[in-house]
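Shown next, in structure tokens, is the structure this report addresses.
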Amino acid sequence: MNNANIRKVLIAGGSGFIGSVLKQQLQKHGFETCIVSRMPRPDSITWDDLNQNGIPDGTDAVINVAGQNVLDPMRRWTPGFKQNVIASRVHTNQMLVKVINQCDSQQKPKVFASISGVGYYRPDAIQIYDENSTGGDHDFLSKLCTDWEKASKVGDDHTRNVTVRSGIVLGKNGGIIQQMYPLFFLGLGAKIDSGTQHMPWIHIEDICNIFIQALRNEKFTGVINAVAPEIVTNEQFTKTFARLLRRPSFLFIPAQIIEFIFSSERAVMMTQGQKVISKRMEELGVQIKYPTIEEALKNILK
Ligand SMILES: NC(=O)c1ccc[n+]([C@@H]2O[C@H](COP(=O)([O-])OP(=O)(O)OC[C@H]3O[C@@H](n4cnc5c(N)ncnc54)[C@H](OP(=O)(O)O)[C@@H]3O)[C@@H](O)[C@H]2O)c1
């Protein structure tokens, strides 16, 4: 089932935390890469270039990992910012689908893989969600996931669609670890509220590996939850993080403070959680390099 014909990959959002590691990993595996960015950069095209000239010649696969950072504490949760959050996900997918569909059938990329989030599933302390579970309609962020995923559908037999519905991505140079590291380093690491909320997560190398396998293996289709098999709570994550840094972790941040900083609509991502498993990763035989939070954080903090 290896799709060995894929060589050149266009990565929208390839300058970001996930995108830059994905780009490196793809290159290490012998793929040629080109980025779509808002800014002119080396080895990249801008969204305007894409709109005007279409997909670069010879593009075999397209990946979208673009998206305005939802948890930027410096940005207020205004209607304008929310519009940016939507546009950077839904409109980028729509644009990519448009240019994919403009290609002649022989020139069409063979795969379009796009990221989404486990915020699709309604927070719940007990329920276990897999790819067949319903969701995507209970709040702003879950509806965003629905629209984001819907906008990625090419609707054509020539291009295989893959949706990587990801947990929190853990890695050195971005995301939650980069945001929290200074506090934990200073011994101010704190669980959020009761800390009992679940926190679906995945190591950055493992999610990049899922994208790479999605290009190579035609069995990768539809939604794939990208989560590590070990289900942890916010408290377990906090304690492990602090212990590996040899720092205390007896503090907690009340939900009200998180809601004050981020607004209640987006604070949900930290104050509530869901237990998510990946049936599809299991079915597809995806090997996870960092299955436990201990192994993942040890690797990141070393
Ligand atoms: N990190 C996580 O834990 C996680 C978990 C689940 C899902 N995701 C999703 O994965 C995607 C990438 O996450 P990340 O952590 O890598 O984010 P990131 O480091 O902030 O990078 C995202 C990239 O998206 C582009 N971008 C940002 N704002 C944009 C806008 N308004 N319009 C168009 N493009 C914009 C930027 O590229 P240019 O500056 O080059 O244009 C940026 O490099 C996001 O959609 C995020 O929601 C992330």
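Note that Cβ sites are derived from N, Cα and C of the backbone, with glycine treated the same way.
Remember, TrEMBL labels are computer predictions, not curated facts.
Annotation source TrEMBL lists domain 'NAD-dependent epimerase/dehydratase' at 9-218. The feature domain 'DUF1731' is assigned by TrEMBL to 253-300.
Taken residue by residue, the domain 'DUF1731' (253-300) breaks down under DSSP into 30 helix, 4 strand, 14 coil. The average pLDDT the prediction assigns to the domain 'NAD-dependent epimerase/dehydratase' (9-218) is 97.
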